[in-house]
Amino acid sequence: MPVPLQIGPLGPSDVEGVRGLARAAETADGVAPLSEQPLLRLSSDEGWLTHVVARSKAGQVIGYAQVDRGGEDASAELVVHPEHRRAGVGGLLLRTAERDATLPQFGGTAGHHGKRLRVWAHGNLEPARAFAAAAGYVVVRELLFLTKPFPPVVAPVEPTPPVTEPVEPAPPVVEPVEPAPPVVEPVETTSASTSGVVSTGSTTGGGSTTGGGYRVRAFVPGVDDDAWVALNARAFAAHPEQGRLTVADLHDRMAEPWFDPAGFFLAEAPDGTLAGSLWTKVEGDDGEIYAVGVDPAHQGRGLGATLTAVGLDHLATRARRATLYVDGDNAAALATYARAGFVPTAVDVQYGKATGGTPVPRALPSR
């Protein structure tokens, strides 16, 4: 039976339907099928974004794909309801995404616009690997999920007061009384003395100073927004997702319940410009190093390591484990995080048509 498709912006009921679909898939698979960015963009009507909804005969949302043509390559994320899999819905969504990847960035007629489609598979589960192989797709990018447990916080234990047994009083001993010597009163003398405690301290405007005159402080909403977006674009100029964040994207994240400016750290250069940043995100027992980046003009000074240490200290009292994502081909970052005690526990992958790429890898354990 043909599956009706709805292509275009989503209304409020559509958004709730897609969120319900994602929850059902996560319950069945043990991993969220859609990442944060597509969920934040469910209500977006940007011209470079396509929403594809598949419905059952009864009108239930049973499949969803989101196609993003804003980057160098088009990327897509898709999900099918667990009760409607192996019925052609996934293939229909993928073919629609492939067609839409050829559209111009801001809509229009399909054609050859140089957009290669990259499809995310979160967790890279066995059904996703089989689906990708059948469609002629191979892995072109790996995003590793690293974790590090924090030692448990042990509350101080109040010492138990000793139990004192009552002591029977000893009978008085009567000694013979010697005659008392004469009492000589001491002569008081007057002397002048001084004592005092000298304390010194310094303030840095709410932050702490690092080597080279850099200062680490917290993000100030409404003040640092534009400067941080510009810094982020410089730090992630080669990153296909992070480097494209806009002020509107920043504000979307600031509206999320997990946002806490006290866990959003900025490194200022001696001249006051932003040189680096680290953003943390706490949800449940997980404390994520959400994004850490350093302006290329300030790299090589240890700012990344300094910011990471500050972030981990912040998270240690707020979460049971630290988490972060890093590209699988970033050997330097992987080595740094391994030395810090992080280990890979899951992987998200991007698939592309088999004109290059690597064989489908074995999935890591679920988060």
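Glycine residues also receive a Cβ, built from the backbone N, Cα and C atoms like all the rest.
Going by Swiss-Prot, these are the annotated features:
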- 5-151: domain 'N-acetyltransferase 1' (DOMAIN)
- Leu78, Val79, Val80: acetyl-CoA 1 binding site (BINDING)
- 185-202: compositional bias 'Low complexity' (COMPBIAS)
- 214-365: domain 'N-acetyltransferase 2' (DOMAIN)
- Val292, Gly293, Val294: acetyl-CoA 2 binding site (BINDING)
Alpha-carbon spacing, Val79 (acetyl-CoA 1 binding site) to Val292 (acetyl-CoA 2 binding site), which is rounded to whole Å: 29
CB-centroid shell, 8 A cutoff, acetyl-CoA 2 site Val292, Gly293, Val294, site residues removed: Ala235, Gly276, Ser277, Leu278, Ala291, Leu303, Gly304, Leu307
Leu78 (acetyl-CoA 1 binding site) - helix vs strand vs coil (DSSP): strand
Cβ within 8 Å of the mean position of the Cβ atoms of Leu78, Val79, Val80: remaining residues of the chain near acetyl-CoA 1: Leu21, Ala25, Pro33, Gly63, Tyr64, Ala65, Glu77, His81, Val89, Gly90, Leu93
Cβ neighbours of Val294 (acetyl-CoA 2 binding site) where a neighbour is any other Cβ within 10 Å: 23
Fewest other Cβ within 10 angstroms of its own Cβ, chosen from the binding-site residues Leu78, Val79, Val80, Val292: Val292
Leu78 (acetyl-CoA 1 binding site) and Gly293 (acetyl-CoA 2 binding site), distance between Cα atoms, whole Å: 29
Neighbour tally for Gly293 (acetyl-CoA 2 binding site), based on other Cβ positions within 10 Å of its Cβ: 23
Length of the line joining the Cα atoms of Val292 (acetyl-CoA 2 binding site) and Leu78 (acetyl-CoA 1 binding site), in Å: 28
